[in-house]
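K.L.:
For reference, the structure I am asking about is given below.
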Ligand code: COI
C-alpha cells in the first residue's frame, strides 16, 4: 500500500515559484577580474575536469551584521580571503554550506536545479548554527550573478557541471563562545567532472561502528562543516581498508542506517519497493533524496521512508530480498553501492536497473533532455 507523502517544510518552501533570473539579476554588482585565468590555464582546466580542485575567476559575497543585516552584495575576483585568526569559525565551527550545480544544456543555455530548495535548506542549517537567515532572492540572486559572470566556466561535456558552493561563516574576531556579530557569505564554483573517479561505477562502503556523525538534537540535519569533519576519521580508516565511503549508524543502538559521510542512501527491494532512512532530524534532508522519492512515487513506486536495520539489509542482500543499494547527493548524483562490509560481514550487490534508470531520469531532467514535470530546473542564462 502506498502511503500518501506529506511534503516536508523544505519541499514546500522549495517548490514556491521563483522570479525569473532576469528579475533578480544585478543584486550583486560585478567587479570584473582584471587578471582572469589565461587561455591555456582555462583550456587545461576544462579539458581535465575533476571534482572540486579548480575554481573560476569570480565569487559572490555579502556580509551581515546585526545593525546592517545583509549588505555589501558583490561579485568579486576569486581570491584568498583576509580573515582574522581570531574569527569564530576557526574556533567554534560556526558555518554552514550548500551544494548545487549549473548545467549546460545542448542549446548552450545554463540551468540549475531546485535552487529554492537549497535556499530553504541554508536557512534551516543557519538557524541551527545561530547564523542569520537570508532572503531566497539573495541566495538565488547570488547564484545567478555569479554564474552569469563566470558562464564560460560551465562545461558542456556529458557528466560535467559547474559545482556551486555557497557558504556562510562567523568572521567576527572574538574568542568568547557566542553567536558571531559579523558573518560573511560567499559562492564559489568549481568546473567539475564526476565526484567519484570513474563516474557511474559502484563504490564500496564500510559500515562504521564506534563513530557517529551526529546525534539527536545535534546538527545532523544541518549542512554544517562540523558534521563532515566528524566523518573524516572513520572515512580515513575505511580508506585504509580499501573502502571509498563510510555508512553511519544511529548513535543509540548502532542498529539503523543513517547516511554516508556526504550522501543519502536508498535500498531497492526485489518486490519493487524502494526504502530510504526516514528523516529523524539526524540525517541531512538531501535535495537529490527528495527528488528521487518524488520521481519514483510519480511512477507508482512504493517509496518507504522508515528505519532500516543494518541486520535486515545484510540478510536481505544475502537472501536476494534486497536487489540494489545506491547513494545519492548533489555532487555524487546517483552512485551504486557495490559492496558493504564491516568486521562481521562483507556482501556484494550488483548494479541494477532501478539505480540506472533513476540516474538517467534525474540527469536527463537536469540536462534538459527530458520533461521537467515538477518545475525543478531554473534557467540562469
Ligand atoms: C553535495 O553533494 O553537494 C555535498 O555537499 C556533499 C559533499 C561533496 C560534501
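Just so it is clear, glycine is given a Cβ too, placed from its N, Cα and C backbone atoms.
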K.L.:
Region 'Disordered' per TrEMBL sits at which of 1-23, 24-46?
P.N.:
1-23
K.L.:
What is the three-state DSSP composition of the region 'Disordered' (1-23), stated as helix, strand and coil residue counts?
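P.N.:
In the region 'Disordered' (1-23), the DSSP-based counts are 9 helix, 0 strand, 14 coil.
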